[in-house]
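A.B. asks: Quick one: structure below, then a few questions.
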């Protein structure tokens, strides 16, 4: 007879110890720090230090990002097929990928010879970037999937997600206070190793967490092919709605925040206050994450996600009163609170979707990592689309880097990219979220029913 839900984490209480949550949050540092360092510094490093042509730099950044997006679902599928080992199902991926990821991260910032030709330099850095991104997928996909193996109730695992996102926002504040090249590859690599050790020794995978994993009922396992697995995910309505809503919402926020500096400098006339405005936004987001975690426990996840509508009045106000610093500061606080909901809620809602899929397809096991990898892929896709669309529109209106004063067309384009376009995208995303079928009550029913169905199936 399987254990009752209130004792299934092995602690007898159904709760995840706080130290385990903290160690889980620390395990997200490697991906967060390396992604921030690459996003902030790699382009400048290749242009100013390596002296590479801008076209070659653009090619390296585009191809490495495209490669990363393609490999995420494949890594998720391979992780889902992994057998259970003495140290767990996901932990071996974390252990094996860590040293190689650190190695290729350091090589990404290493210039082998000053006399290298342009073609050789492009090949070196493109290879290092692609291999590092692949290895980071081998780390990050199992790490994200580890949420399903922490033990405890789903609400407790949601709080572990909140710990992770709070730490992520804190790291953004840390990166904001440092110049690009002060965060060296060696320091980041050491932090990577330390975080991995904390995760390895602080978090032990708990068997028997979800009907979607082969550890619960190993006798009747069906392993679909990669294409069949992807097709099943795409056709699963709750996952489909959640991912589409997530893509449009993230695209809205990244479109706005990606043009934040340019808007402040060339449209609002507040370029000198950019660091202050961004600092206020990030601090408000940091405060908001635990607050929204408390709120979602009271009113449910689906209702809480619509608090993201706070983004709309904030953006309208900033677009209408762009040069008023006190108003801008106030709206940055509101923006921080709205950004926090859209970063916290979708990741908390994903485990409910996985449970829903597992109940509807009880013979198909182990697909949890594929769900997380598909989600990560869509996040990167939204980021790439945001950068690509913004760059294309600014080029059309005649924006030139390094020029202090631009015409009215550039200012108008920045206002449109900063406010009307993101608002439209967010409205589309919220409309899709409205059709998301897994509500809080159904999530609680899934929590109870999955153990009953498992017992009957086995």
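The backbone N, Cα and C atoms fix where each Cβ goes, glycine too.
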A.B. asks: Write down the single range among 214-231, 304-321 that appears in TrEMBL as transmembrane segment.
C.D. replies: 304-321
A.B. asks: In TrEMBL, which of the ranges 51-79, 370-398 has the transmembrane segment annotation?
C.D. replies: 370-398
A.B. asks: Which of 122-142, 242-268, 304-321, 327-350, 410-433 shares the most C-beta pairs under 8 angstroms with the transmembrane segment (370-398)?
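C.D. replies: The stretch I would name here is 242-268.
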A.B. asks: When you look at the transmembrane segment (327-350) alongside the transmembrane segment (274-297), do they share 3+ Cβ pairs under 8 Å, ignoring any pair fewer than 6 residues apart in sequence?
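C.D. replies: Per Cβ check, the transmembrane segment (274-297) touches the transmembrane segment (327-350).
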A.B. asks: Ranking 90-110, 122-142, 242-268, 304-321, 410-433 by Cβ pairs under 8 Å to the transmembrane segment (327-350), which is first?
C.D. replies: 304-321
A.B. asks: Tell me, please, if the transmembrane segment (410-433) and the transmembrane segment (122-142) are in contact, taking contact as 3+ Cβ pairs under 8 Å between residues separated by 6 or more positions?
C.D. replies: no
